[in-house]
Amino acid sequence: MLDIRVIRENVQWAKDKLATRGIDAAEIDEVVALDEKRRALIVRTEELKKNRNAASEAIAVAKRNKEDATEQIAAMKNVGAEIKELDAQLAEVKEKVDYILVRLPNFPDDSAPVGLDESFSREERKWSTPREFDFEPLAHWDIGEKLGILDFERAAKVSGSRFVYYKGAGARLERAVYNFMLDQHAKEGYEEMITPYLVNGESMFGTGQFPKFTEDVYTMTNEGEPMTLIPTAEVPLTNFYRDEILDGAQLPIYFTALSPAFRSEAGSAGRDTRGLIRMHQFNKVEMVKFTKPEESFNELEKMTADAENILKALNLPYHVITLATGDASFTSAKTYDIEVWLPAQNTYREISSCSDCTDFQARRAQIRYRDEDGHVNLVHTLNGSGLAVGRTVAAILENYQNEDGTVTIPEPLVPYMGGMTKIG
């Protein structure tokens, strides 16, 4: 959530920044006007409460002196009624301010390319050259079905579209991939976590999914309480410190976790209908950081490098792009997308998204730290995929396929596969 004081003191700047994210200037004008009304109501209410307290003292003095206090008592009742009315107005105006504020996205960082869609995103670097095949490479879903390690048809029978069964060596490959990722991140200083997969509404609000993106998730009720299946481990990892004040000496804090991610994929009809790219349920290894404000953008570079190192170790070609202001996620000030090469599609596809959310999530979730001078400040939060496991499996199947239909296991995964060097 944005700081209303920043908007109030930098109205035109806020309009210009949020215009690059598709926000109409009228929304900023409205929230500024409501904020001005809110502050005026607060001033008037405080004045009346001060007058009421003075009147109360005058009544007490009059009673001690056995004087008539009828007028003061009547005046105090009138003041009390006015305060009650102003409090109701204040609550209504505050609700309107909050309604707008919680739906405004984060301010983009100056280093992000300006533009409303992905066509304005900027490629930063490429790593490795895509393999040249002397045969027509198959798509990963065809490879998986031919090898009997992926079964989309039976998953559709059981659950519907965008689900899969991993079988045999396929299941083992998935497990090898995420165990390798977790081990790598542990070496980089991340503390491994196993999180809840169901979270409450406060948690979804804290990381910015609610109230704007309720249609993108699956919800249920637990003992009368609405709960959400997590769309990413970012939600439980970030909310671990919700409503807490951390010791600044502990920062930065790194967490990593494997979890299933559940997504309704609302609005994705007709896109990536085959394969492992766009699923309703998939495994993902997540990275989350809590940092001091002055360290967060440097920590974003390090987090992105941590995700890249997985692909380098697996020798999977990729490139890194900085998302345009209008293409970044709701909570992000700056996002790097890492896209891996898929030969059958002859293109790069997203496999990781690493974002610096600055103090946007921390303000919503009230995650703070106490600095060495005793001052309490909001932390900065970062999150990134390290990596999406199913998409990594897809990239391995396509990039390591052989003409005879087998798939070579990337060398770092061989120990995790019990010494197996090929599937098929």
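Each Cβ is built from the backbone N, Cα and C atoms, and glycine gets one as well.
Per Swiss-Prot, the features are:
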type	residues	note
BINDING	THR232, ALA233, GLU234, GLU286, SER385	L-serine binding site
BINDING	ARG263, SER264, GLU265, GLU350, ILE351, SER352, SER353	ATP binding site
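What Swiss-Prot annotates, mapped onto the structure for a quick look.
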residue : record                : contacts (Cβ under 8 Å, 6+ apart)
THR232  : L-serine binding site : SER259, ALA261, LYS284, GLU286, ASN383, SER385
ALA233  : L-serine binding site : MET193, THR195, ALA257, LEU258, SER259, ALA261, LYS284, GLU286, VAL288
GLU234  : L-serine binding site : THR207, GLU286, VAL288, ASN383
ARG263  : ATP binding site      : ASP216, VAL217, PRO231, MET279, HIS280
SER264  : ATP binding site      : GLU215, ASP216, VAL217, TYR218, HIS280
GLU265  : ATP binding site      : ARG162, ASP216, ARG278, HIS280
GLU350  : ATP binding site      : ASP337, ILE338, GLU339, ALA388, ARG391
ILE351  : ATP binding site      : LEU311, TYR318, ILE338, GLU339, VAL340, SER385, LEU387, ALA388, ARG391, THR392, ALA395
SER352  : ATP binding site      : THR304, ALA307, ASP337, ILE338, GLY384, SER385, GLY386, LEU387, ALA388
SER353  : ATP binding site      : SER329, THR335, TYR336, ASP337, ILE338, GLY384, SER385
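Taken over all pairs of the listed ATP-binding residues (ARG263, SER264, GLU265, GLU350, ILE351, SER352, SER353), the Cα spread reaches a maximum of 19 Å, rounded to the nearest whole number.
For the L-serine site, whose binding residues are given in the record as THR232, ALA233, GLU234, GLU286, SER385, the maximum C-alpha distance rounds to 9 Å.
A sphere of 10 angstroms centred on the C-beta of SER385 (L-serine binding site) encloses 27 other C-beta atoms.
Other residues of the same chain near the L-serine site, with their Cβ within 8 Å of the Cβ centroid of THR232, ALA233, GLU234, GLU286, SER385, are VAL235, LEU237, ALA257, SER259, ALA261, LYS284, VAL285, MET287, VAL288, ASN383, GLY384. In the structure as shown, the Cβ atom of GLU286 (L-serine binding site) sits within 10 Å of 28 other Cβ atoms.
For the recorded site, GLU234 (L-serine binding site), the DSSP three-state label reads helix.
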